[in-house]
């Protein structure tokens with residue numbers, strides 16, 4: 001039986017960590033998922049193909065998530081605070097330098113790689129810190145924290161559009177650099193929490209009592225986890241989900257503008273997704289902490305991805321603004337359910353002791369999936385529309401959601417204990 005021991009959780013002061021995580025999500029989520037607004041300006045400025053332009057956002061998202069294992073190992077070595085501070089500085093530097101971009105290749109390195117590194121280092125501590133400080137209300141705490149991304153999305157999309165229209169996209173990047181620097185102060189709220197994890201009769205001290213240099217390299221890729229069929233399937237599904245889940249954020253504004261919709265109204269479609277996303281995250285945070293709700297959690301987790309797939313698939317058929325907004329609402333709700341439950345369902349799957357390493361690998365899977373996001377622009381260049389992009393993205397989401405529903409049976413087939421949400425793991429590690 002694995003559990004947290006020798007540490008107080010769910011205290012009032014622990015909600016400061018949630019507050020910090022909320023605003024970190026507001027910053028990186030709001031900026032990253034508002035790239036569709038920048039996308040239109042970059043197409044106009046540099047006259048590159050849609051495929052080449054979409055690579056800017058794809059690289060940022062891919063690096064942001066792909067740095068997960070490194071962020072995990074760094075957090076074990078130097079702590080969540082230091083990692084968050086370094087990430088904030090890198091992100092701010094990336095946006096500042098991007099404002100000087102003479103061409104698209106420059107943006108690949110600055111907006112894509114540099115800000116992606118910064119956001120990745122800001123994001124990882126914001127997730128793992130919250131999970132470490134809560135036990136009884138872990139789902140609610142996580143729901144409140146991650147809804148910052150939804151609030152940021154519906155706030156930053158129109159705000160960014162307003163700034164671009166009035167002061168140009170280059171000066172807007174400088175404003176975003178200032179936003180990123182606030183992550184320094186927020187990261188300082190990740191006060192240390194030393195855990196003792198009891199597994200059977202064996203007590204394992206927190207990473208702070210281990211040889212941190214060895215742990216840094218050991219935690220880059222956690223081999224025992226990669227020998228588990230259920231966890232490997234989890235990674236594959238998360239990779240597939242990421243290929244499809246961000247497509248609407250990136251291409252909906254461009255589609256709307258092509259339909260003759262004014263730029264600000266097109267940007268507001270992203271805000272609608274963000275509003276619905278936020279509502280879903282908070283509601284799921286309240287619901288998912290109900291006792292013995294693990295089975296319901298995993299069912300809603302997979303089902304939400306399938307619903308998102310359906311919404312993405314039917315978007316190309318929608319021609320009226322009101323109908324598109326309605327589909328965006330349902331997409332945002334399903335996306336919000338999925339995102340808010342990833343850390344909680346993952347903790348159910350592997351336990352609190354392995355949450356850091358497993359989440360780092362999960363981020364890597366998301367990063368690999370993000371590399372294929374630019375394929376949407378390539379398909380547009382090939383077919384002259386985004387229809388095929390949305391059909392493929394929706395189909396991938398539907399299949400991945402159905403597979404996630406099968407994880408408990410996959411675990412049974414490999415001879416492990418039932419997936420009961422208590423974080424009990426029966427495995428032999430060498």
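Every residue gets a Cβ built from N, Cα and C, even glycine.
Copied over from TrEMBL:
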type     : residues : note
DOMAIN   : 17-412   : domain 'Major facilitator superfamily (MFS) profile'
TRANSMEM : 12-35    : transmembrane segment
TRANSMEM : 55-75    : transmembrane segment
TRANSMEM : 82-100   : transmembrane segment
TRANSMEM : 106-128  : transmembrane segment
TRANSMEM : 140-164  : transmembrane segment
TRANSMEM : 170-191  : transmembrane segment
TRANSMEM : 231-251  : transmembrane segment
TRANSMEM : 266-287  : transmembrane segment
TRANSMEM : 299-318  : transmembrane segment
TRANSMEM : 324-346  : transmembrane segment
TRANSMEM : 358-376  : transmembrane segment
TRANSMEM : 388-407  : transmembrane segment
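Contact between the transmembrane segment (170-191) and the transmembrane segment (55-75) is absent: fewer than three CB pairs lie under 8 Å, with pairs separated by 6 or more positions in sequence. Among residues of the same chain six or more beyond the transmembrane segment (324-346), those with a C-beta under 8 A of the stretch's C-beta atoms are 127, 130-131, 138-139, 142-143, 146-147, 149-150, 234, 238, 241, 245, 248, 252, 256, 269, 272-281, 284-285, 288, 297-298, 300-301, 304-305, 307-308, 311-312, 314-315, 318, 355, 358-359, 362. Most Cβ pairs within less than 8 Å of the transmembrane segment (12-35), among stretches 55-75, 82-100, 266-287, belong to 55-75. For the transmembrane segment (299-318), the list of distant contacts is 241, 244-245, 247-248, 252, 255, 284, 324, 327-328, 330-331, 334-335, 337-338, 341-342, 345, 385-387, 390-391, 393-405: same-chain residues at least six beyond its ends, Cβ to Cβ under 8 Å.
Residues 14-15, 18, 21-31, 33-34, 36-38, 41, 126-127, 130-131, 133-134, 171-172, 175-176, 249, 263-264, 267-268, 270-286, 288-289, 332, 336, 339-340, 343-344 of the same chain lie 6+ residues outside the transmembrane segment (140-164) yet bring a C-beta within less than 8 angstroms of a C-beta in it. Remote same-chain partners of the transmembrane segment (106-128), defined as residues 6 or more beyond its termini with a Cβ less than 8 Å from a stretch Cβ, comprise 20-21, 24-25, 27-28, 31-32, 42, 55-68, 71-72, 74-75, 80-81, 83-84, 86-95, 97-98, 100, 142, 145-146, 173, 180, 183, 187, 190, 343, 355-356, 359-360, 363.
For the domain 'Major facilitator superfamily (MFS) profile' (17-412), the model's average pLDDT works out to 82.
Against the transmembrane segment (55-75), stretch 82-100 has more CB pairs under 8 A than any other of 82-100, 266-287, 388-407.
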